[in-house]
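These features come from TrEMBL:
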type: ACT_SITE; residues: H315; note: active site, proton acceptor
type: BINDING; residues: Y47, Y153, R188, H315, R318; note: glyoxylate binding site
type: BINDING; residues: 100-102, S129, Q151, T179, K291, S313, 345-349, 368-369; note: FMN binding site
type: DOMAIN; residues: 21-415; note: domain 'FMN hydroxy acid dehydrogenase'
Amino acid sequence: MGPGRGRTRQTEIYLRGLGGERPAVPVQLADLQEAARRTLGAAEFAYIAGGAGAERTLRANLAAFERVQLVPRMLSGTKERDLSVELLGQRLASPLLLAPIGVLESARPEADLAVARAAAAEQVPFVFSSQASVPMETCAAAMGAAPRWFQLYWSSDDEVTRSLIRRAEACGASALVLTLDTTLLGWRPRDLDLGSLPFLRGQGLAQYLSDPVFRSRLGQAMPLPSVRPPVTPQLLSTAAQLRAKGKTFGLSLKEMQRAAARFTATYSRPDLGWDDLDRLRGWTRLPIILKGVLHPDDAREAARRGVDGLIVSNHGGRQLDGAVASLDALPDVVAAVPGMPVLLDSGVRTGSDIAKALALGAQAVLLGRPYVYGLALGGEAGVRAVIQNLLAEFDLTLGLLGVGAAREVGPQHLR
Ligand SMILES: Cc1cc2nc3c(=O)[nH]c(=O)nc-3n(C[C@H](O)[C@H](O)[C@H](O)COP(=O)(O)O)c2cc1C
Ligand SMILES: O=C(O)C(=O)c1ccccc1
C-alpha cells in the first residue's frame, strides 16, 4: 500500500497541527488515559484501566516494552512502506487488530457499535467479545465486508457455546478466538474497593440476551434483565439511566446479585481441558486461535491439537497478577511452534511497540485499553483517531528503521 492510500500518514497529522488543528484525542498516552479518566465515572474507569492484584503484571507489560531496544538501519534506499501482513491466509491492512473488550458500554453507550464502525473505516479487524454490549449481528451489519473475528468464552453449557459459534459464522467472522485465561475472573482490587463490577450489574450481556439458546435454557433460571433483542444503543442508554437511578432493569439488588452469581457460573467453564479442544474442532471450520498462552509447552500442545494460531497475552494484566509480561513470554512461544501464527497483546501502546513485537516474532498485535479511551472520549471518531495515530507512528517507525514493509521487521532490528 503506497503512502496516503487509505491510511493516515504521520505527515498528514503534523500538517493538520501546523494548520492549528488539535488532534481529536490526545496523542500522548498518559494524556489520553487521563482525559478518559476525567470523562468516565470512577467505577467505569477503574474497571477499564485496572489490573489484577498489585497490578505487577499490568506494569510489567509496559516495562517489557521499555527494555526492548530497536536498532535502525541507515541508507536503506526505501521510500514507500507496505504495512500489510499475511495472516491465516488473509491479507490484513496492517499487523493490528482491536482486542476483544467486554462491557464497552462502560466507556460509552454506543459501545461495540462505534468500535465496529471505526474498525471497518480504518481496515483494522475487530474481535467481537463474548461479553459485548451490542450483539455481534448488529456490529457485523455496520461493518460491510470489513474483517471481524469472534472471541469465545466457553460457556458451562455446551449448547450455548455452540450457538455463539454458529452466530459468529453467520456474522462472517473469519476466526474464532478462544480465551483461556479468564475461566475464573481475576482478583480486581480497584473494582472490589468501589463495590462495583460493571458486568455484575447486567452490563456486557448482549451476546447472551440476544441468544435464543441461552434464553431458552438459562433465561428463566437467571432471572434475566427484561431486555429483548435487538439491543440498540438507545436501549443501552435507557439501561444506563436506570442504573444511574439505582435500578437495574427493574431488579432489586438481591435479585441482581443472584443473577450475577448465576451468570459467573455460566459464562465460562473453569474445568476446560485440552480434550475439549478436539470437540471444538468438530463444531466449526473457522480457524481456532487460543488467547492467553504464555508457556511454550502449552503452545506445543496447541500445535499438536491442530490449533491454527496463538495470542500470547496475560489479558492486559487483569487475570494472574505476577504473570510474565506478554512481550517477555513471546520469543519462547514463537520458538516452540515454528510456522504457527503467533499474535501478541498486553501493553502495546505505540507504533514502535508494534515493531518490537514483530521483531520478536509476532505476526500481529492486538490493541486493548487505548482504543477504549478513544471510545470514551470521542465515540467512533475517537477510536478512529487512536488507530490513526498508532498506525501513522508505526508507518514512521518502519521508515526510520529502514524497512519497506512490516513483514521485513525481524530480530536483525533488535539489540
Ligand atoms: C475492560 C477490558 C475488558 C476486557 N474484556 C475481554 C473479553 O471480554 N474477552 C477477552 O478475551 N479479553 C478481554 N480483555 C482483554 C483484552 O482482550 C486484551 O487482552 C488486553 O486488553 C490487552 O492489554 P492492553 O489493554 O494492555 O492492551 C479485556 C480487557 C479490558 C481492559
Ligand atoms: O474484564 C475482563 O477482563 C473480562 O474479560 C471479562 C470477563 C467476564 C465478564 C466481563 C469481562
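In case you wondered, yes, glycine gets a Cβ from its N, Cα and C as well.
Sequence features, as recorded in TrEMBL, placed on the structure.
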residue : record                       : Cβ contacts under 8 Å, 6 or more apart
Y47     : glyoxylate binding site      : V103, S106, R188, R190, D191, S196, L197, P198
Q151    : FMN binding site             : P100, V127, F128, S129, S130, V177, L178, T179, K291
H315    : active site, proton acceptor : T179, D181, T182, G186, G292, S346
R318    : glyoxylate binding site      : G50, G51, A52, L58, G186, R188
D345    : FMN binding site             : A99, I311, V312, S313, G316, S326, V365, L366, L367, G368
G347    : FMN binding site             : N61, L62, A64, F65, G316, G317, A325, S326, L327, D353
R349    : FMN binding site             : L29, L62, F65, P370
R369    : FMN binding site             : Q33, I48, A49, I101, G316
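Highlighted here are the binding-site residues (G102, Y153, D345, R369) whose C-beta falls below 6 Å from ligand 1: G102, D345, R369, in sequence order. Across the domain 'FMN hydroxy acid dehydrogenase' (21-415), mean pLDDT in this model comes to 92. For ligand 2, the binding-site residues lying close by, meaning a CB under 6 A from one of its atoms, are G102, R318; the full candidate list was Y47, G102, Q151, R188, R318, R369.
Across the annotated binding residues for glyoxylate (Y47, Y153, R188, H315, R318), the two most widely spaced Cα atoms sit 19 Å apart. The Cβ neighbour count for K291 (FMN binding site), using a 10 Å radius over every protein chain in view, is 24. Here the C-alpha separation of G102 (FMN binding site) and Y153 (glyoxylate binding site) works out to 11 Å. The secondary structure of R318 (glyoxylate binding site), as reduced to three states from DSSP, is coil rather than helix or strand. Long-range C-beta contacts of Y153 (glyoxylate binding site), restricted to its own chain and to partners at least six residues apart, with a cutoff below 8 Å, comprise S130, Q131, T179, T182, Y267, S268.
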